[in-house]
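Input: a single structure, listed below in structure tokens.
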Amino acid sequence: MTLGERGSQVDASQPHVATYGAPIRSHLAERCGSGPARRATRTEAAAQEQQQHTSSAGSSKHQYLKIKMVNFGKKLMADQIPEWKGYYINYKLMKKKVKQYGQQLQQGEKDRRRVLKDFSKMLDDQIEKIVLFLLEQQGLLASRIEKLGKQRAILQEQPDISGIAELREAYREVGINLIKLLKFVDLNATGIRKILKKFDKRFGYRFTDYYVTSRSNHPYSQLQQVFKHVGVGAVVGALSRNLAELQERQGSYLSIYDQPSSALKDPIIDMINSSVDKLTRSTNFLRFLGQHAMIVDEESPSTAGEEEIEDQKYHFMSLMLNLVNTFLYMVNTYIIVPTADDYSVSLGAASTVCGVVIGSMAVAQIFSSIYFSAWSNKSYFKPLVFSSIVLFLGNICYAMAYDMKSLTVLIIGRLLCGMGSARAVNRRYISDCVPARIRMQASAGFVSASALGMACGPALAGLLQWKFKVYMVTFNQSTLPGWVMAVAWLLYLIWLWFSFKEPNRATEVNEAPQNPASGQTVDIGRLENGIAQPLLKDSVDKQNEDEDEVDDIEETADDSRKPATSIGSAYRLLTPSVKVQLLIYFMLKYAMEILLSESSVITNHYFSWNTSAVAIFLAILGLTVLPVNAVVGTYISNMFEDRQLLMVSQITLLVGIIFSFKVTSTYYVVQYVVSALVTFVSAEVLEGVNLSLLSSVMSSRLSRGTYNGGLLSTEAGTLARVVADCTITAAGYLGVGKLLNVTLLPSLVICVASIACTFLTYNSLF
């Protein structure tokens, strides 16, 4: 029997392969074909998709209209593999049970404890059914790969071109079955999440927290099999290795383990990896940095129309301009830190007034973040132009304050710089205008640009040590940062004016058709693309189906993705877990700002450091950001849960703060430097983990609009910086000798409070 006959025999024994695998094979034909055949396939696929789009969108005037289905129960039925029907979650039954439990509670037939116990057991049974079938199918795939491996070994001894081609097709068939299995897991995982969410909403009880905590931490956890899809990676690895070796067969076999870069990927592997990426949010350095930026990484587009919309909005140079804006703003923020105390003294103020000088930029940023976030709903270009002009003027004022002998002008200059903070626009542009396939890289670029700017600012200040006059204008270590940044923003404005491309917003408009079952208006963004609903045979079934659909529509309307429209509505969406994460973010930013802003005053008082020494110290601290995030994102986060890292990094930060206190008559350089490094590195680790958790526990309604999660975290961090800088200035009235301990005390108290709050909400942090 030939390999082709064996493959046919496998297909005959599994009839669903022919039905469910057809679209996958069509996609493979397009990927693997060449010339006219490939173009014909693409043309045919495009025509079919356009026809589906036309029939579903009706007379809509938009060429590309995103349609998503409201009723998940219908989606589950439509996407099921018929032969696996009995192994999917019985979503309809679970919904009816939830409704029934609600009625029984109202009528007093059951108490809450009994309902929780019954529902837990029913959900356990559903998950067990799914997991056992999943393990069985994984075993069948592994067995099939093992048999094909034996056939490959025979071909190694007796090479045969046709045999190699047939063997590759057999491996691809296994890949198709694996993709089906991943889709099976994806649908069931979505069903579990939705039914838990529905239960919580119906009874006003955070049952999800209890259920996930008790099941995921159990040594015999079946829930992890669904959400972690254990074992799939081994199958993917085996398929990748074998297909690569067959593809590289040119007289000898080459293992991808020896030279991974030389192995070419088969299209089926790309499809499998795409399915795995959709199913899981794998923790790696890139995603870690992306979550660090609090930029929404939405689901990849499912149709060619949606992909074309994203491609139309994307412009590489515009993205680069946003990243450069981020970099320059961070340089602008930290370039004055080493010299702010000397500048204050030269204007007749105390050295601790540097806290107000540094913090005034953060004060303005609290308000600028809101109007820039709102402005980005209409335009990206105009806010960036306004930002550049205001920052140019602000730096001119900052530099001219020296010759004008005016502390007021100095602070006005820094306030203007804060009014030009366009970080909300930068985040929003990446979230809205960068295609999903590269959004995580762009998010990582945002964080990297911020970190690089944080390091370059003090380093640049250390280099600007000249002193000269041009006419009546003084250029020295205090004023040069202002002049240099003014020139930088002027050059950036010119580049922006000629290179930025405003994205087309016409494609973002969605129309809302009427739902025939209920007469309600349904957001077209809620409907599923191209899935037609069959006529129901029985009028009773139709009535039940309509009730289910109305129920789902009401749930979607209540729990929709409509953005928060005010600070109040955004605050009401904050769960205790989110509030704790924002408190932690406030705490770490406060501790970092205290450390950085008072560094020049403290080091000059205790160690007599000059500006260059302070600049080098701050630059070294800034350069630790990316390496620390790389280690945490690549290695440590794969070994421990985010909530474990959150707790440990807070404790480490607390240790750094405690060791920073001056408790003896002599304060040593080693004590200050080591404790500062521990504090700063711990805060950096904590920031990444904190924002990673924040992005996962925050409501989806806070992922867009003016009052989004990124704005809330920015406001919390900016407020912390303002409070910290005001604390430094206020503590300065007690004398420089008491400045260190007085400013560290609030950091200690807030850190202890955040650890206590984390402990209380630990089980809800997922």
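Cβ atoms are placed via backbone N, Cα and C, with glycine included.
Pulled from TrEMBL, these are the features on record:
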type	residues	note
REGION	1-60	region 'Disordered'
COMPBIAS	43-52	compositional bias 'Low complexity'
TRANSMEM	319-337	transmembrane segment
TRANSMEM	349-372	transmembrane segment
TRANSMEM	384-401	transmembrane segment
TRANSMEM	446-468	transmembrane segment
TRANSMEM	480-498	transmembrane segment
REGION	542-563	region 'Disordered'
COMPBIAS	544-557	compositional bias 'Acidic residues'
TRANSMEM	612-633	transmembrane segment
TRANSMEM	645-663	transmembrane segment
TRANSMEM	739-762	transmembrane segment
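Remote same-chain residues near the transmembrane segment (739-762) are listed as 352, 576-577, 580, 583-584, 586-587, 590-591, 594, 598, 601-602, 605, 643, 646-647, 650-651, 653-654, 657-658, 660-662, 667, 724, 727-728, 731-732 (criterion: CB distance under 8 Å, separation of at least six residues from the stretch ends). By number of Cβ pairs under 8 Å, the transmembrane segment (384-401) is matched best by 480-498 from the list 319-337, 446-468, 480-498.
Beyond the transmembrane segment (349-372), the same-chain residues lying 6 or more positions past its ends with a Cβ under 8 Å from any Cβ of the stretch are 333, 336-337, 340-343, 383, 387, 407, 410-411, 414-425, 593, 597-598, 600-601, 604, 706, 711, 714-715, 718-719, 721-722, 724-729, 731-733, 736, 739. Taking Cβ pairs closer than 8 Å, the transmembrane segment (446-468) reaches residues 289-290, 292-293, 295, 322-324, 326-339, 426-427, 430, 474-477, 480-481, 484, 611-612, 614-619, 621-623, 625-626, 629 in its own chain, all 6 or more past its ends.
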